[in-house]
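First comes the structure, then the notes that go with it.
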Amino acid sequence: MNPPADDMPARCHSYLQQFEAYMQSERQLSAHTVRNYLYELQRGRELLPEGIDLLNVGREHWQQVLAKLHRKGLSPRSLSLWLSAVKQWGEFLLRAGAIELNPAKGLSAPKQAKPLPKNIDVDSLTHLLEIDGNDPLTLRDKAIMELFYSSGLRLAELAALDLSSVQYDQREVRVLGKGNKERIVPVGRYAIDAISAWLECRRQIPCEDNALFVTEKGKRLSHRSIQARMSKWGQEQALSMRVHPHKLRHSFATHMLESSADLRAVQELLGHENLSTTQIYTSLDFQHLAKVYDNAHPRAKKQQDK
């Protein structure tokens, strides 16, 4: 639906109709997307200064509109949609020869804040890892979860492990990470014990290859199967949040930082290319420190009434 034309110059209205047709036919955008673009153009037009319309708008005008929308409380996602609409409008007018420069080119919305990953607290993780049973699947799943939490591996890294990947005497695991970069990661005693218990069962399974973690039929365990089994155990152990591999990786990183505060060491353990990727966990760690401060510092909270 086009913006109302009662107070819009006929030339501008004509270009809007052409823009709508161009989006639908040449760009082959969905009707929903086209409607959104037209709505966003109308939203921006209503905030333009008097005497400025969609054909003579300048970069400074769009900057002012962007600031107004931001002050109105629009989310970064909504601002990005608005910017996409006005940029497409400018590109269309350029192609049509109506303007010489796209006034929206180069404008950017505030970055969307990345949600902090949620970790599982130590007590809940301990409860999760206390699964009981001596059947092969339980022993295998326990070894998988112990290793995830012990070493902070990615799902793909753990699924790709072979029998030769774990060095039991040194308590280390050789991991092939992103970009085929190899790293050596320590493995805790509980994880080593759990893997050893699983291997006693694995030896009884005819296997197609040297995969460390296999199905009952001897095939390498898939990513999806690992995720499903972990989700199952989270439900059976009555955890308050859904359990998945990346959550154990987050928990590993957070708990390591809570204990050591050695950001670069955690970066190496996680296999992060850049330190900035690891720094997100400092936000989580600060949340923990803030709670400790509030509970422990004598002047962090009001004293009880005497």
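Even glycines carry a Cβ here, placed using N, Cα and C.
According to Swiss-Prot, the features are:
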DOMAIN    10-94  domain 'Core-binding (CB)'
DOMAIN    115-294  domain 'Tyr recombinase'
ACT_SITE  ARG154  active site
ACT_SITE  LYS178  active site
ACT_SITE  HIS246  active site
ACT_SITE  ARG249  active site
ACT_SITE  HIS272  active site
ACT_SITE  TYR281  active site, O-(3'-phospho-DNA)-tyrosine intermediate
(request) For the domain 'Core-binding (CB)' (10-94), jot down how many residues DSSP puts in helix, in strand and in coil. (result) 64 helix, 0 strand, 21 coil
(request) Reduce the DSSP letter at ARG154 (active site) to three states and note it down. (result) coil
(request) Across the whole of the domain 'Core-binding (CB)' (10-94), what does the mean pLDDT come to? Round it, please. (result) 92
(request) Out of LYS178, HIS246, ARG249, give me whichever of these active-site residues has the highest number of other Cβ atoms within 10 Å. (result) ARG249
(message) Just to be sure I understand the packing, how many Cβ atoms besides its own are within 10 Å of the Cβ of ARG154 (active site)?
(response) 17
(request) Using C-alpha atoms only, work out the spacing between LYS178 (active site) and ARG249 (active site) and round it to an integer in Å. (result) 15
(request) Take the C-alpha atoms of ARG249 (active site) and ARG154 (active site) and report the distance between them in angstrom, rounded. (result) 7
